[in-house]
Amino acid sequence: MFFNSYQFLFIFLPIVLIGFWSLKSKYRVGFLIISSIIFYAVWSWLHLVILLSSITINFWFAKKISSNYNRNWLIFAIIINLLPLIYFKYSLGVNESMVLPLAISFYTFQQIAFLIDLYQKRIILDGFIKYIFFVMFFPQLVAGPIVHYNQLISQVNSGILSRLNIELIEKGILIFSIGLFKKVALADTFFIISNSQDSWAGVFAYSFGIYFDFSAYSDMAIGLAMLFGIILPINFNSPYKADNLVEFWRRWHITLSEFLKYYIYIPLGGNRNGKGREVASLILTMSIGGVWHGAGWNFLLWGTAHGIFLVIVHILPSSKDKDYFILNILKIVVTFITVSLLWVLFFSHSINEAFEYYKTLFTFDFKMISPKIIIELLIGFIIIWVMPNSIEISRYETAERLKWYYGVYGAILMFISLKIMAVVPSNSFVYFNF
């Protein structure tokens, strides 16, 4: 049951919304937990058992850690969390019939961050019900954002779920509508182009496809949460407008980048122990980030390559002068091309396949691209680099109420999206595979 499916939009979501706002506030967290369990169970009852087992075991670890703050308990808990993730990730390469449990990469990292925060006394352990809600809240369960315990539970404790915030719901509907349109009208279209084209056209089409795909999911997750009065952290902020790889990772999958920084890079030494240690920590951190996406050597190389480019950015002198407009535009273009070329490693099934694809880039004839595809790619460029993103459109981080015409804008996007969904089957989000 995808967010971009009729079952979700016209059956699951309306029932959950009506039930949530009809209940007394003290029952709403429990109702959302039950709804999230049903949402996940639709995918797989077996995987639901794995998820609930993970939640129960981690809460037990949390009780142990909070009782004496013993570092050995934390290390043991992290190992126990990583074992299922490693098993399923690497078993996929051996047993093609095996299915990766939905969201295992996300809820594993989210719970590890929770345990570390608890050990470092940044948070206080609440009851089991709130912990289940923290892990299973369905808008962000499947593909993030990776939420910190305080980010979610502090809102619950503040009583925000008991207040009907019309302004928040209006923004949530708008952001969700924008995300749905990005998915069904843009992301899926560019993925079709990337599958039918090779060389540079395929690279750029995939680059646009995964951009709109993850941007769409991030918007829809944030929008859905707002319908229940919850504000999730921004996870996507126009990463192709970045002028270097460091800035790119501050804008792409922001919560994963923060996890890698605070729970891997800094503990490895970060930039505190000389340049050599900084370089090694950065490359190793990004390599781990690559393996988090997939167990293949291509994912390891993808992450490592990003790490190497991040090191290069750190070594090069930083200069961002507003007077050199052309230079800054050139840096954005170079960053975009670099990221796009690295996506080849990401979407290939092996390193050999990726290198074969790279060979086509040197023998490509631009005359082979049809005018229709050129126009579609140009539209992608314009939307990404010229138009404001959904956070800017909705004024997500302000209390300002939207003007009436934003409702019209959202309604038009929703109508177009539903018309497309009526004739084109729903496709999964890329990050559902992780």
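Any Cβ shown, glycine's included, is placed from N, Cα and C.
Keep in mind that TrEMBL annotations are predicted by a computer and have not been checked by a curator.
If you look up TrEMBL, you'll see 7-23, 29-61, 73-92, 98-119, 131-153, 173-193, 214-236, 299-317, 329-349, 369-387, 408-432 marked as transmembrane segment.
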Result, the transmembrane segment (214-236) in contact with the transmembrane segment (299-317) (3+ CB pairs under 8 Å): no
Cβ contacts under 8 Å made by the transmembrane segment (214-236) with residues that lie 6+ beyond its boundaries: 3-4, 13, 17, 20, 28, 32, 137-140, 143-145, 147, 151-152, 155, 160-161, 163-165, 168-169, 171-183, 186-187, 251-255, 389-391, 396-397, 429-431
Chain residues in Cβ proximity to the transmembrane segment (131-153) (below 8 Å; excluding those fewer than six residues from its ends, i.e. six or more beyond): 29, 32-33, 35-37, 39-40, 51, 54-55, 58-59, 62, 102-103, 106-107, 109-111, 113-114, 117-118, 122-123, 125, 214, 217-218, 220-222, 224-225, 228, 230, 232-235, 253-256, 258-259, 429, 431-432, 434
Stretch of maximal Cβ-Cβ contact with the transmembrane segment (408-432) [cut-off: under 8 Å; candidates 7-23, 73-92, 173-193]: 173-193
Any contact, the transmembrane segment (98-119) to the transmembrane segment (173-193), with at least 3 Cβ pairs under 8 A: no
Same-chain residues near the transmembrane segment (29-61), Cβ under 8 Å, at least 6 residues beyond its ends: 1, 12, 16, 19-20, 23, 73, 76-77, 80-81, 84, 99, 101-104, 107-108, 111, 114-115, 128-133, 135-138, 141, 156, 161, 228
Contact set, same chain, for the transmembrane segment (173-193): CB under 8 Å, 6 or more residues outside the stretch: 3-4, 201-202, 205-206, 208-213, 215-220, 222-224, 226-227, 373, 376-377, 380, 383, 390, 393-394, 396, 402, 406-407, 409-411, 413-414, 416-417, 420-421, 424, 426-427, 429
